[in-house]
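For reference, the structure is listed below as C-alpha cells.
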Amino acid sequence: MQNSLQVAQVIISALPYIQKFRNKIFVVKYGGSAQIDDTLKNDFVRDIALLQLVGCKVVVVHGGGKKINSYLDRLHIKSEFVDGLRVTDKEAMEIVEMVLSGNINKEITALLNKNGARAIGVSGKDANLLKARILNNGKYGFVGEIERVNTYVLNGLLENGLIPVVAPVATDDEANSYNINADLCASKIASALKAERVIFLTDTRGILDKDGNLISKLNEAHITALKEDGTINGGMIPKVDAALECVKNGVANAHILDGRLPHSLLLELFTDDGIGTMIKG
C-alpha cells in the first residue's frame with residue numbers, strides 16, 4: 001500500500017509540469033551511451049512516448065558517434081576530431097550518412113513506434129528539411145553548418161501527431177552532402193521552431209566544475225568564464241555552444257543531462273529539482 005501511495009504522489013507532483021508543457025515543443029538530442037545500451041534505449045523511447053502521450057510535441061535529433069567509429073574502424077578509415085567536431089572526408093562522409101540515415105535513424109523510429117509513439121524517420125535531406133553550407137571553409141572536411149530549417153515540414157509532422165526523428169545530414173544548394181554536429185543541429189531546429197526546451201543527452205552528469213561537482217544552473221557569463229579557464233573543453237564545447245545559441249534565440253531553457261541515468265529526461269522535466277545542468281538566457 002505504501003509503495004502505491006508513493007507512486008500516486010510522484011504522478012501528482014508531475015501534474016503541474018504536465019499541464020505547463022502540454023502542446024509545447026521539445027527538441028531532444030539523443031546520443032552517447034543511451035544510444036548503445038539496450039536498457040537505456042528502451043528507457044529513452046518510453047520516455048519520449050510518454051511525453052507525446054501527455055501532449056508534448058517532440059522532435060528527436062540523434063547522433064551516432066560510437067557506431068560511426070565502429071564502422072570506420074572496421075573499414076580501416078581514419079577519423080579525427082578537431083575542436084570537438086569529427087573531420088569528415090568524402091569516404092568517411094559516405095559511412096557517416098549510411099550509419100546515421102540508414103541504420104540509427106530507422107532503429108530509433110522503429111523502437112518508438114513499437115512502444116506506442118507515432119514517429120517518422122527523416123534525414124535533413126528529405127523535403128529540404130535542412131540546408132547547409134560547408135563549415136569554416138572546409139577546415140573539417142564535409143562538415144556543414146545549417147543555414148535554413150524547413151519549419152513548415154516539421155510543424156506539419158508535429159501537428160499531425162508525429163514525432164520527427166531527424167538524422168543530422170544536410171545538403172547545400174548544389175546537393176553536396178554534409179555531416180552536421182548533432183548538438184548544433186538540435187540547437188538550430190529548436191531555435192527555428194521556438195521550442196519550449198531543448199535537451200542534450202550526454203555521457204556526463206551535466207557540466208561539472210573543476211572538482212567534479214555538478215553545476216545545476218548556468219548563464220552566458222558563467223559559460224564564458226568556464227571556457228576560458230578550461231573547465232568546459234573538448235566535446236562539451238559544441239554542446240554548450242549549441243545550448244547557448246538556443247536560449248539566445250528564444251528557447252526558454254536548454255538542459256544538458258546524463259543519458260546514462262535511467263529516465264533522466266523525465267526526472268529533469270517533471271521534478272522540482274531536476275538532475276542535470278540548465279542553461280538560461
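Counting starts with 1 at the first residue shown.
Cβ coordinates come from backbone N, Cα and C, glycine included.
Summary of the site annotation: Swiss-Prot records substrate binding at Gly64, Gly65, Asn179. Screening the candidates Arg46, Arg86, Arg197 against this entry identifies Arg86 as the one listed for that site.
A gap of 14 Å separates the Cα atoms of Arg86 (substrate binding site) and Lys239 (site 'Transition state stabilizer'). A simple Cβ count within 10 Å picks out one of the recorded positions Lys29, Arg86, Lys239 as the most packed, and that one is Lys29. When the recorded positions Lys29, Gly64, Gly65 are ranked by how far their Cα is from the Cα of Lys239 (site 'Transition state stabilizer'), Lys29 comes first. In this view, the densest Cβ surroundings among the binding-site residues Gly64, Gly65 belong to Gly64, judged by other Cβ atoms lying within 10 Å.
In this structure the C-alpha atoms belonging to Gly65 (substrate binding site) and Lys29 (site 'Transition state stabilizer') are separated by 13 Å.
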